[in-house]
Every structure is written in C-alpha cells, then in structure tokens.
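Inspection log for the structure reproduced underneath, given as structure tokens.
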Amino acid sequence: QPQQKDYDDLCGLPDLNEKTLLENLRNRFKQEKIYTYVGSILTVINPFKFLPIYNPKYVKMYDNHQLGKLEPHIYAVADVAYHAMLQRKKNQCIVISGESGSGKTQSTNFLIHHLTA
C-alpha cells in the first residue's frame, strides 16, 4: 500500500471526516510527528517519551516565524503569542486542555521554555 501524504494542518485534508482525520493523526504519530494544526489550533498526541525536538536549535528555528510556515510545534504557538503581545501591546492567552495524563503540564513547561529563551 503506497504511503499516504500526511497533512500538518487538518484543514488541508481533501476529504475532512472522522476517518481521514484519525488516519492522518495516526500516520503522523507513527513518524513521531506529535503536533498537528487545525487552523491556528495545535493538537498534540502525547508520545509518552521524550523526543529530541525541544532543544536550542528548535527554539531558534521557531523564533519570529509565521504559524504554519514550519512543521507544527508548541514553540510556534508560544512564539506567535509572544510576538502578538509585543506588536499589539495587549495580553495574550494560550489555552491548554486535555484529559488527565494527556501532557498538559509538559506542554506548559515547553511553552515556558520557549518564552524564557
């Protein structure tokens, strides 16, 4: 079976339904791509292991970049909120939600890591 194209933004799926959405997330997860956009919303599937995507190289890569120009990442969301705050001179908010054990605390730590860098 040929490898299906994975979409880093679910809004780009040619046929958006529950089956194609879940297949896309599953394919990305198998490639250790735990982040996927739904427009400006970032979805995360907890890998329950550390991935090497949280180092200074990634902090620098996502610094001052437009959302969607690079692979989805929690650093992109943090950076967009930070620069929106600077440009608009208004407070910004990032909502993190999920089931117990889904990785909310870890995601918050990654956001803070990027913001303090």
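Counting starts with 1 at the first residue shown.
Cβ atoms here come from the backbone N, Cα and C positions, even for glycine.
The annotation domain 'Myosin motor' is assigned in TrEMBL to 5-117. The ATP binding site feature in TrEMBL is assigned to Gly98, Glu99, Ser100, Gly101, Ser102, Gly103, Lys104, Thr105.
Here the binding-site residues are Gly98, Gly101, Gly103, and the one with the most other Cβ atoms within 10 Å of its Cβ is Gly103. Neighbours of Ser102 (ATP binding site), defined as other CB atoms within 10 A of its CB across all chains, total 14. Glu99 (ATP binding site) has a Cβ environment of 8 other Cβ atoms inside 10 Å. On the 0 to 100 pLDDT scale, the domain 'Myosin motor' (5-117) averages 95 in the predicted structure. For the recorded ATP site, residues Gly98, Glu99, Ser100, Gly101, Ser102, Gly103, Lys104, Thr105 set the reference point as the centre of their Cβ atoms, and the other residues of that chain within 8 Å of it by Cβ are Asn46.
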